[in-house]
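Student: Below you will find the structure I want to go over with you.
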Amino acid sequence: MAPPWVPAMGFTLAPSLGCFVGSRFVHGEGLRWYAGLQKPSWHPPHWVLGPVWGTLYSAMGYGSYLVWKELGGFTEKAVVPLGLYTGQLALNWAWPPIFFGARQMGWALVDLLLVSGAAAATTVAWYQVSPLAARLLYPYLAWLAFTTTLNYCVWRDNHGWRGGRRLPE
């Protein structure tokens, strides 16, 4: 049997896996495209995103471990809280390919709204199991509100732009 820290570490690191896959869309051409877009003055510098997302993914991953542990593993009771978590995480991981890969700012905004709703539902479900796990999601919910607002502003201010060229209306 594995030492108790192994599942804790696995759950904590798991959310970052999708981040690594999605990050390939945030390099090279995707970044050049993004650099050419109109952005509000309050948008964060690029170097902030790695530490912020790394911290948020680690917190939500550890929270999922707390829920898993409290419910005795992948039991019937864990289906809703861990299912909601998995769903919001998949939606979260879909954002970089939608925004940077397909350059679909409007659909990326829809994705973020879905992520936010699923993350809020996850927080409520987790609170019933482990208030600490739910509290670990609070910074994530705040960041989602910020990034959703940022995505909206970028979409609004660049409506009709794709790849540096104006699209026909």
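Note that Cβ sites are derived from N, Cα and C of the backbone, with glycine treated the same way.
Swiss-Prot feature annotations, pasted as is:
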- 2-5: topological domain 'Mitochondrial intermembrane' (TOPO_DOM)
- 27-46: topological domain 'Cytoplasmic' (TOPO_DOM)
- 68-79: topological domain 'Mitochondrial intermembrane' (TOPO_DOM)
- 101-105: topological domain 'Cytoplasmic' (TOPO_DOM)
- 127-134: topological domain 'Mitochondrial intermembrane' (TOPO_DOM)
- 156-169: topological domain 'Cytoplasmic' (TOPO_DOM)
- 6-26: transmembrane segment (TRANSMEM)
- 47-67: transmembrane segment (TRANSMEM)
- 80-100: transmembrane segment (TRANSMEM)
- 106-126: transmembrane segment (TRANSMEM)
- 135-155: transmembrane segment (TRANSMEM)
Student: Given the cut-off of 8 Å on Cβ pairs that are 6 or more apart in sequence, determine whether the transmembrane segment (6-26) and the transmembrane segment (135-155) share at least 3 such pairs.
Tutor: no
Student: List the helix, strand and coil residue totals of the topological domain 'Mitochondrial intermembrane' (68-79) as derived from DSSP.
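Tutor: Each residue of the topological domain 'Mitochondrial intermembrane' (68-79) counted once, the result is 7 helix, 0 strand, 5 coil.
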Student: If you average pLDDT over the topological domain 'Cytoplasmic' (101-105), what do you get?
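Tutor: Result for the topological domain 'Cytoplasmic' (101-105): average pLDDT 92.
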Student: How does the topological domain 'Cytoplasmic' (27-46) divide up by DSSP, counting helix, then strand, then coil residues?
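Tutor: Tallying H, G and I as helix, E and B as strand, the rest coil: 8 helix, 0 strand, 12 coil.
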